[in-house]
Amino acid sequence: MIGTVLKGRYKLVKNLKRGAFGRIYLAEIYEAAGEEPVVQQPAVKQLCIVRHFQPNLAEPSILKEARWRFETEVQRLEALENCPDVAHICDAFEDEEQFYTVEDYIEGHDLGEEIGEGRRWNDRQAINLLYDVLKILEYVHGYDIVHRNIKPSNLIRRRQDGGIAAIDFGSLKEIETLAIAAQGQVTTAAIGTPGYMSIEQLGGKPTASSDLYALGMTAIQALTGMSPRQLQRHPQTGLLMWRPLVEVDARLADILDRMVHTDLNERYQRAKDVLEDLKNLHRIGEVVDNRYQILRELGEGQLDRTWLAKDLQRTGQSYCILKQLKIDNHEAFPLWEARNLFDTEAQILHGLGTHDRIPQLLADFEANGQLYLVREYVEGESLQDKLMAGERFDEGQTIAFLKDILETLKFVHEQNTIHQDLKPSSAIVRGSDGKIALTDFGSVKQISTLTIEGGQLKSVGVVGTPGYMPKEQQVGNPRPNSDIYAVGAIAIHLLTGIHPTHLGRDPETGELSWRQHATVTEGLARILDKMVLSYFRDRYGSASEVLADLAQLDANRSDTPEKAIAPSPTPTDPPRDRQRPRNRSSGTGLAPSPKWMWGVAVAAAVALVAALVSLVVQMQQARSQMQQADGFVDRANELLAAEEPNAANEECYKALAVAADYARSWQCSGDAFYTLGRHELAAIAYKKALDLDPDTARLWGDRAKVLAELERPAEALVAYDRALQLDPTLLSARSGRGRALLALERYEEAIEQFQTVAEQEPNNLEAWERQAEALDALNRPEDARQAYEGALQAYASAIAREPDNPELWAAQGRILGQLDRLDEALDSVDRALELDPNAAPIWQKKGGLLVRLQRFYDARDAFDRALELDPNSAAAWYDLASLLSTGLLRYDSGVAAYNRAIELQPDFAAAWRDRGIAQTLLGRYQAALDSFDRALEIDPQDYKTWARRGVVFNELRRYDEAIESFDRAVELETDDAFVWVSRGIALESLERYEEALDSYERAIAIDPDYQLALDYRRSVRDLLGRY
């Protein structure tokens, strides 16, 4: 479909996604058939979204019904044209019994990029989301339209203003579900996404309340970082069990609980009712100073509160940032005094606004006893947004960031001003040019920390953000190079992806310990180290000094390229205790007291005794609660040992109900969730336990293990490091650290960890096998072979101790397979199956060995047996599909098996890719392209998919697109001769002979005996007259 022009007007340029119903494309708009796309600006094309719906054409009556429903629903949805926050339908048509809608293209990203596992929103963000979407639903429901598919990926964050727009209404999708029932009538299936669908919607009867349910689930997902299907309901009450997982305002939690109530009668019925209950939790919609209408809350700290607002008296760019300074105690600090200081600081900010990287201060005023600033709105994305999305900077990006921000900071310091609150959220990457704008200056916030005592102005707090503040700023003495520290800390955060407060400090020097989490050259590492030195006199004195060293770094690089240093291992020795001598008094220092003071003393003593009694009672209650919780936890552990994790989870829930501030209750919950495979919940539970008990090595190890399961190896590494600091003898943590390093491709360090484990436990199976894995990755085959031999000895010892353990025999077979001792491997796996003939994974393993032995029909029998035992194993279906396609050359059967694997695991990138290869061999090129595009949505770094996609374009003679795919493939992997030859074929077809010859030469350099490359090279040389 890509490249197709629909209705002579809409050229499909990108496949955006394929859901359960309908396809979605990005398209360019043509003015008329045969003309070029409409041009708004040079090189900028007008874009739209095309949705494609394909009804079941088996029955003529279905097509007739589909046509009627399509026309009816389009007319209904066109009624929403005046709502600015939905994607408007601008065209709808039928073409060859297929149905299409054309919608406005909304520039931005869907909330699926912001809401996901491990990413949790705060109350403010959730309330903003609720308000924006509820206003949309209030409008939509007013036209008797139900969205039916509210979820993160159908909510777009507009790039222009950060507001929310709703897309992908579900009603049109019904035409793809139309079918003829046994009685002859046309029926439809329920439309929506599991987890976000209420009971009545699952039954095919969605209401406005169903949309409120889906929005509530979306908000809870944003707050917890967990998808709705991961959350459980209480078996007795039916309430969703999410509140213990996060700290949230009880009023907001009550609203969300009512939104997601299973009983339709107990749930909110109208968006208006939810908005009414939310009123006391936000100021959205309020007009400040009769001019600035609050649109969305952006943040709240101890000293200020910030909103996106609209200037009602301004035309054109009416968006602005409104900031309120918090001055609550007017008795301690009179408003007139605050106002005088405020005016002075505002004048300074007005002066800074002359720099093009610092937003202008538009206004400052007092309203209702509060002080406000209004500044220019900068369209773009903060560095905090990038970090929240999981982005990490490489060395080049980090140096560019430093140069950019330090040039601006140099100007700020020349104005005798200190920023005082530099952090990722105060650095905005402008959408217009990618440059960084500095916002949120801290100097004016100082007013919120001031009070008057004894006639003297005194600060009772500090301005700044933990992690980005050096010591002198923490005690209230910021200097210009305090900002240098903050910039260095931001750069380290961008490089490592780890917040500075979580990095820890070197136990010897006391300086920030970060190098082990990033790969940088020594030159940049030294600069960053100096920027974040604790003592201000040792640190860079000015931005100019840092810029000079960065310039020297560039000069050195142009002379001699500097080698990047690999991250160094984190010290595991616990930090030394450093005790300071206490001040001691040489005497009592008490003068004789007059008699009248005895009464006061007696009263004080009585009060003290009462307080102590109250404290003792509280302690006894807490001890009683913990003892009660211990009983539930002990019972849960017994159930876990008996392999009854669901029952164990119930006991843990009881422990939390009794003692929610007890680490052991949360640890119990983490253990149960981990056993159930609900890793995100386990990570949250272990984090709660560590908040209450941060000095238990096992808890750090458990959290690290879960983070590793969630494929968050950098965070897992930090947790394993903390576990080893607390207990350097904890071998499970050292093995886990090795696994995290493997996942981060830090192979040398991983080998060191596993060697240490193997030295202390020579029969540790994992230590040998993981060593071999790392050595294989480093292309050290002989060393890897020795490690596999060590693993084999360890398995032999284990089998000698447990000769009837089928898993050990199967694992030994795997190691023998790695050593290419295939017959012995097969014998070992057969022994495992004698011991456990119903073990599906072992049958699957046997099938893999038989494939390597080219005993394809025996392999099929093994895979069939595996699937008979476990028909829901996506991996087994994939292995069977691979055998059918590449071994038995039965491509149709292979495609069917790939389809089953994908049905069971929709994000199975390799299955999508290999299905595309099979479809290519069947000549189904468009279907193959669709498969490859889906694979690349899941894993855009798989060079094999890019290469195979290029092959299909070659077959279709779309050589320019083929070259684009091959170029991407060779960017990712330079040593595949097949890709270079295929690229050469595309270039040769376009008569770009010199480039084609270069591609063939690259292929031959990789594989000098590659006959296809040699033949094509000879052909091109002949064409160029080079014999």
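Keep in mind that glycine also has a Cβ here, set from the backbone N, Cα and C atoms.
As annotated by TrEMBL, domain 'Protein kinase' applies to 10-285 (among others).
Here TrEMBL flags 292-571 (among others) as domain 'Protein kinase'.
The region 'Disordered' feature in TrEMBL is assigned to 557-591.
Per TrEMBL, repeat 'TPR' is recorded for 663-696 (among others). Nonlocal intrachain contacts for the repeat 'TPR' (663-696), taken as residues 6+ away from its ends with a CB within less than 8 angstroms of a stretch CB, comprise 117-118, 224-226, 230-231, 245-246, 626, 629-630, 632-633, 636-637, 640, 645-646, 648-649, 651-653, 655-656, 702-703, 705-707, 709-710, 726.
Taken from TrEMBL, the feature repeat 'TPR' applies to 697-730 (among others).
Long-range contacts of the repeat 'TPR' (731-764) within the same chain: residues 566-567, 569, 697, 700-701, 704-705, 708, 711, 713-714, 716-717, 720-721, 723-724, 770-771, 773-775, 777-778, 790, 794, 797-798, each at least 6 residues beyond the stretch ends and with a Cβ under 8 Å from a Cβ of the stretch. Among the features that TrEMBL reports, repeat 'TPR' is placed at 731-764 (among others).
When DSSP labels each residue, the repeat 'TPR' (806-839) comes out as 27 helix, 0 strand, 7 coil, counted as helix, strand and coil in that order. According to TrEMBL, the feature repeat 'TPR' maps to 806-839 (among others).
Residues or ranges marked as repeat 'TPR' in TrEMBL: 840-873 (among others). The predicted model assigns the repeat 'TPR' (840-873) a mean pLDDT of 92.
If you look up TrEMBL, you'll see 909-942 (among others) marked as repeat 'TPR'. Counting residues 6+ beyond its ends, the repeat 'TPR' (909-942) has Cβ neighbours under 8 Å at 1-2, 15, 17-18, 874, 878, 881-882, 885, 891-892, 894-895, 898-899, 901-902, 948-949, 951-952, 955-956, 972 in the same chain.
Residues or ranges marked as repeat 'TPR' in TrEMBL: 943-976 (among others). Packing against the repeat 'TPR' (943-976) from elsewhere in the chain are residues 3, 909, 913, 916-917, 920, 925, 928-929, 932-933, 935-936, 982-983, 985-987, 989-990, 1006: each is 6 or more residues past its ends and has a CB under 8 Å from a CB in it.
Listed as Cβ neighbours of the repeat 'TPR' (977-1010) (distance under 8 Å, sequence separation of 6 or more from its ends, same chain) are residues 943, 947, 950-951, 953-954, 957, 959-960, 962-963, 966-967, 969-970, 1016-1017, 1019-1021, 1023-1024. What TrEMBL lists as repeat 'TPR' is 977-1010 (among others).
Look at TrEMBL and you will find 596-617 tagged as transmembrane segment.
Beyond the ends of the repeat 'TPR' (840-873), by six or more residues, the same chain brings 806, 810, 813-814, 817, 822-823, 825-826, 829-830, 832-833, 879-880, 882-884, 887-888, 904 to within a C-beta distance below 8 angstroms of the stretch.
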